[in-house]
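> Following this message is one structure expressed as structure tokens.
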Amino acid sequence: MYSANHWGGAFEINGEGGHEAEDDHSRNMDLDRGALSRQLDETQASWLLGPPESKKKDKYIDLGCVVCKRKLFWWVFWCIIIAFIVIGVPIIIAKSIPKKKPAPIPPDAYANALHKALMFFNAQRSGKLPKNNGVSWRGNSGMGDGLKTTDFGLVGGYYDAGDNIKFHFPMAFSMTLLSWTVVEYSEKYKALGEYDHVRDIIRWGTDYLLLTFNSSATTINKMYTQVGIAKINSTTPDDHYCWMRPEDMDYPRPVQTTSAAADLGAEVAAALAAASIVFRDDPAYSKKLVRGASTAYKFARDTGHRQKYSKGNPYIEPFYNSTGFWDEFMWSAAWMYYATGNNSLLQFATDPRLPKNANAFMAIPDLSVFSWDNKLPGAELLLTRLRIMLNPGYPYEESLLGYYNATQLTMCMSVRKFNTFNWTQGGLIQLNHGRPQPLQYAMNFAFSASLYADYLDAVNVPGFYCGPNYFSASNLRSFAKSQVDYVLGDNPKQMSYIVGYGKKYPTHVHHRGASIPHDGVKYSCTGGFKWRDSKNPNPNLLIGAMAPGPDQFDGFLDSRKNYTYTEPTLAGNAGLVAALISLTGTAGTGIDKNTIFSAVPPLYPGTPPPPAPWKP
């Protein structure tokens with residue numbers, strides 16, 4: 001039964017199709033544009049919209065390059081802020097707090113000893129001293145040396161030892177050796193604050209050596225070999241008969257002259273050539289040194305002057321007698337080549353006749369001992385450097401290989417088990433067969449071994465062979481350190497052999513200036529002997545002086561009268577400085593690989609330019 005519908009139409013939802021049939025008009029109401037063509041009231045609109053959705057729509061932020069959810073954006077933003085507060089702010093605060101500069105690396109024993117060893121040269125200066133000389137008890141001396149008997153005067157230079165003689169042969173060697181150390185280890189000197197000092201020491205010597213001959217000429221016929229004399233058992237005032245401070249000398253100081261000095265001329269040439277590399281940053285002075293070196297070298301090589309400088313001279317032979325000059329020829333040729341790059345010098349240094357005349361390849365142990373008299377091991381090492389770092393090849397290889405092998409054999413002599421040389425029970429090698437003054441030879445050998453180890457490191461070679469036995473570079477350093485440590489106090493006497501270093505050291509060194517008080521009183525020629533014979537320590541400390549050393553049984557007598565134990569020398573201290581600078585690790589390690597080769601021209605022809613473009 002149907003009831004009436006006051007709105008019009010029936011109450012039934014379904015039409016004739018029953019409950020299974022749907023009203024297409026209702027179902028598609030949203031598509032009926034007519035139903036939506038008039039304004040709906042609020043109630044009608046609510047019928048169409050239905051209840052609001054329970055899930056909110058996500059909101060987005062357009063960042064230009066990317067669109068992201070607003071929640072994600074704020075989450076990332078606050079995470080960054082929190083991280084900045086937790087991590088960044090403490091870092092900023094920590095960075096802003098002023099910090100103390102890190103303390104420098106404490107100097108090792110070798111660096112401390114080096115500072116003192118260099119001061120010895122200041123104490124040995126002759127002439128008008130600079131204001132910064134740093135030795136309070138020294139003053140101007142030798143101001144009249146050579147002024148009346150030479151062309152330019154011979155004021156300046158260095159006193160050799162505890163007397164007041166200027167021996168030019170060992171002085172020149174000392175300057176060559178010091179220059180070598182600066183060429184190899186300039187960065188170490190700079191880091192230790194001694195670069196300017198050691199250069200001043202060298203220049204004081206080279207300025208003087210330029211006075212020992214006419215260095216402005218291209219050809220000379222004489223050289224001055226020495227200022228001051230001493231005779232064994234002299235009965236007239238001279239540098240041994242008198243015991244006077246150098247500032248008070250009033251006895252004659254003759255100048256020795258020679259017209260034939262192959263060894264001295266070559267050594268002076270080596271000294272000036274090596275120094276010219278040191279002073280390459282001062283072009284005018286460096287060129288002056290090279291000119292002087294060329295003149296001295298020409299004099300030495302002249303066949304009319306090939307004679308030992310000391311031959312027949314009673315004032316030289318007993319003290320610094322030269323045993324030959326072929327080693328100086330090799331030594332000076334190497335330095336002259338490095339200073340000038342002149343290929344003829346390399347040709348001479350590698351001429352097979354030169355090592356033959358110098359007995360370089362004879363494997364004679366005594367010829368492996370580097371000293372003021374024997375430059376052979378030093379020259380071989382210098383030329384070995386050329387071979388392993390530049391490898392010039394033919395036609396130099398045969399001789400350079402010989403020098404390399406000779407250097408290897410020399411290094412093998414540092415190995416104690418081979419018994420090439422005797423050793424004291426305390427560990428000091430006896431390179432001079434138990435004779436006095438062993439330390440200067442040990443220091444030169446220590447320097448050579450340490451330097452060769454640095455050469456091997458520079459070319460990434462781990463070691464060397466002694467026959468079938470292989471030894472690393474560290475073996476050489478261990479040997480070098482053992483010898484230097486002996487000098488610094490690791491010896492049976494438990495004393496340092498360097499004045500002023502350590503708690504116990506020689507206090508009675510055989511030295512005129514150090515033994516006589518600096519009290520304004522001038523003591524006479526023989527009046528000073530009361531100070532030599534006194535049992536009191538020297539009133540003036542000769543800082544850095546290395547005593548000649550103990551005997552073959554590690555014994556030492558600290559007595560001024562016994563000069564074989566207590567008289568320091570210029571050449572001895574030069575070897576000490578060389579060994580110390582090579583071993584110190586305070587200022588880093590290694591050598592300056594390239595500076596020594598700065599004047600050496602390319603060994604091979606350069607790449608030719610490409611051919612010009614072809615034109616038809």
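Residue 1 is the first one shown; counting continues down the chain.
From the backbone N, Cα and C atoms, a Cβ is placed for every residue, glycine too.
Just so you know, TrEMBL annotations are computer predictions that nobody has curated.
Pulled from TrEMBL, these are the listed features:
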type     : residues : note
ACT_SITE : His510   : active site
ACT_SITE : Asp558   : active site
ACT_SITE : Glu567   : active site
DOMAIN   : 110-580  : domain 'Glycoside hydrolase family 9'
TRANSMEM : 72-93    : transmembrane segment
> Which one of these active-site residues, His510, Asp558, Glu567, has the sparsest Cβ neighbourhood, judged by other Cβ atoms within 10 angstroms?
Asp558
> Between Glu567 (active site) and Asp558 (active site), what is the CA-CA distance rounded to a whole number of Å?
10
> Taking just the CA atoms, what is the gap between Asp558 (active site) and His510 (active site) in Å?
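Between the alpha carbons of Asp558 (active site) and His510 (active site) there are 9 Å.
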